[in-house]
Amino acid sequence: MIKGRRTKLHTFLYDCFLIFAFMVGLPRILYKRFVHGKYTKSLGIRFGFKKPEVPGTGPVAWFHGASVGETALLLPLLKRFMKEYPEWRCVVTSCTESGHENAHRLFGPLGVTTFILPLDLSIIIKPVVRAISPSLLVFSEGDCWLNFIEEAKRLGATAVIINGKLSANSCKRFTILKRFGRNYFSPVDGFLLQDEQHKARFLQLGVDKEKIQVTGNIKTYTETLSENNQRDYWREKLQLAQDTELLVLGSVHPKDVEVWLPVVRELRRNLKVLWVPRHIERSKELEALLSKENISYGLWSKEATFAQHDAIIVDAIGWLKQLYSAADLAFVGGTFDDRIGGHNLLEPLQCGVPLIFGPHIQSQSDLAERLLSMGAGCCLDKTNIVKVITFLLDHPEERAAYIQKGAMFLHEEKVAFDRTWESFKRYIPCVKI
């Protein structure tokens, strides 16, 4: 029996909680389904009507991440895993449609099975887990689901969290239900965490300290796209002249757009802008706003280029990182919205591009502080944004300094991946083929 395993009553109460949460969110789900067309492809698998199949023979390693960023960080680890353990079959799941689409794009060419994780109701998830029968579970950053992991553990799987983190808010919620917190994490065999702060939070919830290792943040370890051929390729594809400046506004939310529209209007120089909304269903709203400002724009889906337009809206998923490499400056969205707290601050650095972001970075405050202390990023506020952008565009040597510091940051952090991999190998079970 798994230490700390929940009773049938715990499972029943947990299922009741999920049903209650689902009913509370149902109006929003229906709105997105019928107004924005979301969830059309995922309902069958989410409710267990469609059973995923994993072709081939051999043990199964099941990797899971909540959404786009969490699944993307699995790529280098999974590539290494497939190279050193070719007898294993691999599965990658995500909780969101955007995460699944990105996972399919990244992992599909590698022969990896990808699908959206079904709802964690015991009656739905347990038959799926039994059908796949994984020998290894790998959770990106800690997006564990109780019925999912408990059923896999019952079948003998090993479970490990990589790049693990626990926010202060999540820690508070688990602390209120401390006993529940212990049960939540007790089935996990290993915790490979980002830093000591996250370790302290897991310990506070009663996780066995022998299970925990601080291996570093592996979001910093992906293939760098900053080589000249990448930059030149994307600038040529976008039809950008050599002396034309490009500002990429990545993963922007409405509040980011609200800040940037007057800035772009005021700058009005030899500057092109690539708008990448966090949610592509907001592309129509962005089109209306640009039209209102008399800004000439085209759509990425229509193969628009800057030869005809001053702005391009990227109305497709999965292109942001490649397009960052063409930029002279890259802004990371969600950082002018205090409800969001920012997205992946590292992607511009990995593309060899100067990083700028707004003041709301609470979702990754530790990382932002490290970047700022090293001079690898620039934090803007609404009062100085035009002045700072103008200064950076007028002084290429300042942009070059940001790029250099960013490269140093990534080089120093690369060792985190090596530490994570060496620790992760200890949890890969020896399975008879």
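Each Cβ is built from the backbone N, Cα and C atoms, and glycine gets one as well.
Going by Swiss-Prot, these are the annotated features:
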{"type": "ACT_SITE", "residues": "Glu70", "note": "active site, proton acceptor"}
{"type": "BINDING", "residues": "Pro277, Arg278, Ile317, Gly318, Trp319, Asn344, Leu345, Leu346, Glu347", "note": "CMP binding site"}
{"type": "SITE", "residues": "Glu141", "note": "site 'Transition state stabilizer'"}
{"type": "SITE", "residues": "Lys219", "note": "site 'Transition state stabilizer'"}
{"type": "TRANSMEM", "residues": "11-31", "note": "transmembrane segment"}
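Feature map: Swiss-Prot annotations on the structure.
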residue : record                             : Cβ within 10 Å
Glu70   : active site, proton acceptor       : 23
Glu141  : site 'Transition state stabilizer' : 24
Lys219  : site 'Transition state stabilizer' : 24
Pro277  : CMP binding site                   : 23
Ile317  : CMP binding site                   : 17
Trp319  : CMP binding site                   : 15
Leu345  : CMP binding site                   : 22
Glu347  : CMP binding site                   : 23
Annotated CMP contacts Pro277, Arg278, Ile317, Gly318, Trp319, Asn344, Leu345, Leu346, Glu347, maximal Cα-Cα distance (Å, integer): 18
Of the recorded positions listed as Glu70, Glu141, Lys219, the one whose CA lies nearest the CA of Glu347 (CMP binding site): Lys219
Three-state secondary structure, Pro277 (CMP binding site) (per DSSP): strand
Euclidean distance between Cα atoms of Lys219 (site 'Transition state stabilizer') and Trp319 (CMP binding site), Å: 18
Alpha-carbon spacing, Lys219 (site 'Transition state stabilizer') to Ile317 (CMP binding site), which is rounded to whole Å: 19
DSSP three-state assignment (helix, strand or coil) for Glu347 (CMP binding site): helix
